Amino acid sequence: MAFHISPAAPIPSHVHSSPSPPNFFQVSSPCSRRRSLFPCHPISLPFLSPPHPHVSPKASVQAPTTPQTSPLPSPDSSSLDDGDARSRLPPPNPNPPFKNSIWVNPNSPRASRLRQRSSDSRYARLARLAASLDSSDPTEPAVSGVLASLGDAPPEQDAVIILNSMENSQNAVLVLRWFRSRIKLEKEVILYNVTLKVLRKCKDWNGLEALWEEMMEKGIKPDNVTFSTAISCARLCNLPAKAVEWFEKMPEFGCHPDDITYSAMIDAYGRSGNVEMALGLYDRARNEKWRLDPVTFATVIRVYSVSGNFDGALNVYEEMKALGVKPNVVIYNTLLDSMGRAGRPWQVKTIYREMSSRGLVPTRATYSALLRAYSKARYAEDALGVYKQMNERGMELNVILYNMLLSMCADIGSVDEAVEIFRKMKELPDGCRPDIWSYSSLITAYCCSGKVSEAEGLLDDMLEAGFQPNIFVLTSLIQCYGKAQMTDSVVKSLDKLLELGIRPDDRFCGCLLNVATQTPAEELGKIIGCIERANHQLGSLVKMLVAEGTDNETVRREAEELFQYISSEVKKAYCNCLIDLCVNHDQLERACVLLDLAIRLEIYRDLQSRSPTQWSLHVRSLSLGAALTALHVWMNDLANCLQNGEELPPLLGIHTGHGKHKYSEKGLASVLESHLREINAPFHEAPDKVGWFLTTKVAAQSWLASRSSSDVVAA
């Protein structure tokens with residue numbers, strides 16, 4: 001069979017941005033001479049493309065239809081921008097005519113010579129030369145020796161192809177200097193841009209900055225491609241501040257960013273902490289319909305999350321899907337982390353199910369986000385399930401994730417699980433072995449379960465491991481000793497704290513106050529002494545509350561001064577303990593004074609609510625003594641309403657919540673139910689409303705009428 005061989009077409013100037021050789025050598029059979037075999041050469045992804053793939057506009061280059069024998073055209077700056085979305089070349093003609101095709105016998109010597117002169121063969125030869133340069137020694141003699149085969153004045157296009165094919169940034173700079181010394185360049189910035197792209201490919205930011213300095217010294221003016229390459233390199237190197245720096249000096253050189261560069265800067269500004277600029281560009285992107293990549297969406301979600309606007313983060317996710325951008329693993333991981341920060345474990349579950357339904361494989365970052373979210377929300381079953389999956393997949397946790405699991409187990413009383421996790425940590429390499437927080441969490445778990453000997457044994461292990469107990473460890477131990485009524489051990493723990501030079505904080509003093517509510521009267525003096533040593537003002541108030549003869553106005557004044565001094569996080573806990581002390585020592589009037597003060601200072605909020613159909617008392621956030629005091633005050637309020645002729649609603653209710661109470665081994669509901677029976681109050685647990693005790697207007701009026709105004713609520 002005979003073949004037609006058409007002459008080689010010239011290499012287009014954009015070739016340095018294409019990683020594969022263009023097939024310009026054509027062979028056609030006689031029966032298909034009018035069928036074009038010229039391929040379309042797609043321009044590569046935008047120069048600002050992130051490390052993760054995204055949808056980007058494509059353009060194609062039309063191959064010439066008529067063979068040319070003139071010299072190859074000089075490349076221009078615009079042809080070098082492999083990501084310039086503004087360049088749109090027309091699509092190739094699917095049937096270009098073969099006007100100058102000549103028939104050549106494929107077995108003749110002439111066919112062999114034509115093949116050797118074809119651009120296909122030329123490109124392959126230059127690509128092999130680039131590979132040799134990559135592997136050569138990074139010295140000028142070694143590089144010059146490899147390039148000697150090009151002669152003294154190689155074509156400028158050869159320089160572009162060779163540099164574009166290279167992957168060794170150090171040698172690429174030497175190759176650039178070799179070509180500059182031998183070629184008279186029309187636009188030197190072109191070769192520099194191609195070299196910058198090699199540096200970007202190698203993530204060599206220092207090399208890029210050094211080459212930039214060389215450009216400035218030689219007076220070579222950068223163009224848009226220069227800046228876009230540098231900005232995308234900064235993103236790849238995780239240097240968002242550098243990306244911002246380069247972006248903001250573009251106008252100085254007369255360069256103007258395009259939409260793709262602006263889109264990339266949303267990511268750069270967000271990661272560098274300039275939230276206002278990032279969100280401003282994102283709003284502009286929505287209005288002007290820029291094409292954004294998943295990495296940029298992930299950054300915007302993260303920006304909203306860090307600023308606390310978690311609904312905004314979800315809205316960005318929905319907008320992304322509406323635009324047809326498919327979420328990738330990075331997007332889902334960012335969103336899972338955001339919802340975990342927001343304390344929305346139910347949304348974390350929903351997002352993870354959606355991710356799984358799309359067939360995306362969870363990464364270690366996915367499991368870490370799930371573990372953080374579930375541990376923070378105390379979703380123990382889900383958190384331990386994720387922990388099990390990570391172990392099955394051979395994914396090691398870091399010490400922070402282990403400590404989050406231990407803290408969760410300590411809070412919910414899962415001692416066995418905490419012990420097993422701690423045991424596994426001790427078998428891991430040094431970087432993941434237990435630290436002071438690991439010991440603190442397990443000691444807390446032991447203490448909350450009343451396992452004094454285990455807690456003390458672990459404290460000894462901690463000391464042997466070289467860790468001194470911190471305030472959290474000693475606070476847990478004091479709480480444990482208080483529950484076990486080991487008063488002397490409480491005193492020793494305080495001595496140890498002061499010996500270590502640790503200053504008691506509000507939480508530590510609150511722990512001592514809680515211990516005081518559990519201490520028998522004969523031992524109470526020792527605990528009050530500890531409280532005075534830790535916080536003199538608090539100790540003085542406690543003395544007043546349990547002493548005889550202190551007037552209520554003095555108690556109110558001293559308590560108000562204390563609440564102005566302590567942090568807001570502990571005010572409710574202090575109030576609960578102080579009222580408990582009063583109730584325990586039959587000082588009901590002082591308890592009522594403290595309750596009234598707490599309501600006035602908004603430490604307790606919304607204890608009572610009224611609607612046309614029901615009046616309610618809400619005590620679920622109170623300690624036992626505070627709840628009984630609030631009940632006493634509410635009963636008196638109801639009695640006063642009747643005396644004043646005010647109508648009661650059809651229903652009256654007490655909301656206690658359900659389950660084990662935070663401040664007692666017993667549930668608040670069971671304690672309150674027992675007390676209601678003692679005073680013959682007509683409240684009964686509602687079968688259809690868990691944690692509620694209800695009564696009718698008629699029953700309440702009858703009971704209140706028979707109740708003596710001198711009745712007191714027994715503790």
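Cβ atoms are placed via backbone N, Cα and C, with glycine included.
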(request) Identify the region 'Disordered' range according to TrEMBL, selecting from 1-29, 639-667. (result) 1-29
(message) Under 8 Å between C-beta atoms and at least six residues away from its ends: which parts of the chain pack against the repeat 'PPR' (470-504)?
(response) 436-437, 439-440, 443-444, 446-448, 450-452, 455-456, 459, 462, 511-512, 514-515, 518-520, 523, 526-527, 529-530, 533-535
(request) Mind tallying the repeat 'PPR' (435-469) by DSSP state, helix then strand then coil? (result) 26 helix, 0 strand, 9 coil
